[in-house]
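To keep things clear, I will list the structure first and then write my remarks on it.
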Amino acid sequence: MHPEGPLNSPASTLSPPGPRAVRDIEPPCTEGGKPENRKNGNPREAAFHRNNKPLNSDKIHQRDVESSGARGHRYPGGVIDLRLLREDPDRARASQRARGEDVDLVDAVLSADERRRSSSVRFDELRSEQKQLGKLIPKAAGEEKDELLRRAGELAGAVKAADAEKDEAAEETQRLLRRLSNLVHPDVPVGGEEDFTVLETLGTPRDFAAEGFEPKDHLELGQKLGAIDVERGAKVSGSRFYFLTGVGALLELALVNAAIAQATEAGFTPMLTPALVKQQAMDGTGFLGQAAQDVYHLDKDDLYLVGTSEVALAGYHMDEIIEADRLPLRYAAFSPCFRREAGSYGKDTRGIFRVHQFDKVEMFSYVAPEDSQEEHRRLLQWEKQWLSSLELPFQVIDVATGDLGSSAARKFDCEAWIPTQGKYRELTSTSDCTEFQSRRLAVRMRDSRDGKAVRPLATLNGTLCAVPRTIVALLENHQQEDGSVWIPPVLRPYLGGRAALEPVAR
């Protein structure tokens, strides 16, 4: 075994997490000057860009009477500013179409909103007449007073009916509006899971054939190291559960400590968050829409197990107004995560790559909406810095529209090379959720210019370390011919200084 690193270690080809880690990503271009895409010449992408215009932040920041925070939090506003939707419905239609979602929903929202506004006008007119009658009746007498009283009786019923119609239309507008996914960023590649754009590749996968041995997969390595026990995990809890034992448990703790150390050094506040949350938080972050099938729900308590600490972190400032001079707020949380993986039957059934319960370190940012794209790049750079410090070969992709979660306007994934699978697999992701979550959760910011203007802010999230998948990548990429696994220097202080994990005698 090579004490300073594995044979053909990617360390020599990975840039250090120094100056390179803070530069902006420039997507590699083809001869035509367009970023490389898995599906070249995608006609849907061209159509999408024709139908979409850059966000007008001034429009976004204007507040409607129905936007979140206007009346406190009780499932307040929708995900999109209604005024923006009225003024540029084609953009919302194009976004829904690019996601592969219901385009007619946009028109249903607009129709309900028109009914809400017209019924509000009707209610106001009737109330005005009712108030005017209230002033005239005491001054009238005889038949005139009788007529006014008769009209007042009619108005009372009409006002009550108009008020009910107004409230019903408002509820219908909000119900439909909350079914809309976030508006996708115009630069997101259009298509499904395989239509992503490769932005950057760092590190070179090892040539195990040149080294003279066949790589073992993470489960075989983990079992020989005494680190992973899936058989007893299945015995105790069922499929997709596991035990980390011995050096496996120590490796998780090392990863978590190193990740939190990096985040803290970057200015994040470390957090330990609840694993159970109320419906308000789960729905507010968008996880009870298309992702609801993957969520565990405790019926007796009406609580939900989080699939990511993003849910708790987004709800942390729910129903609050944050002063602009406090932004950005950045949190790094360590938490257990629970996912039903309902749509993943038959996928990744071997080992610990796709499991029902795992631990994760998550980054979360609150920023002004106009700063969200820049913050998104920062989160991606911190993820790149982390994977580079682990000396893993990986690629960065711009996730396609059809593979975005409902809350994300744009998402970047970092995918590490998995030798025994012969392909890159997702290890981290970072999403710009713009105002989607803050509107639903009534998290607002107060501009420091006059101290009065209140508007939604932007939320972003980014995985720093999803433990099981990171262990998979570490074991497979840093394995040696004798079954030992080289440990990157960044983890050694948390593993008693050891430079390698050795197979245990059986």
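Glycine is no exception: its Cβ is also placed from the backbone N, Cα and C atoms.
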- T308, S309, E310, E362, N461, T463 bind L-serine per TrEMBL; candidate in R339, R492, R498 listed for that same site: R339
- Task: Would you mind pulling the DSSP three-state label for T463 (L-serine binding site)?
- Result: strand
- E310 (L-serine binding site): tally of other CB atoms within 10 A of its CB: 29
- Note on the structure: T463 (L-serine binding site) sits from S429 (ATP binding site) (Cα to Cα, rounded, in Å) at a distance of 6
- Most distant Cα pair in Å, residues R339, R340, E341, V355, H356, Q357, F358, E426, L427, T428, S429 binding ATP: 19
- Query: Going by DSSP, is S429 (ATP binding site) part of a helix, a strand, or coil?
  - Reply: strand
- Task: Measuring CA to CA, name the entry from the binding-site residues E341, H356, F358 that ends up nearest T308 (L-serine binding site).
- Result: F358
- Largest C-alpha distance in Å for the L-serine site residues T308, S309, E310, R339, E362, N461, T463, as a whole number, is 18
- Query: Cα within 10 Å of H356 (ATP binding site): which of the binding-site residues S309, E310, R339, E362, N461, T463 qualify?
  - Reply: R339
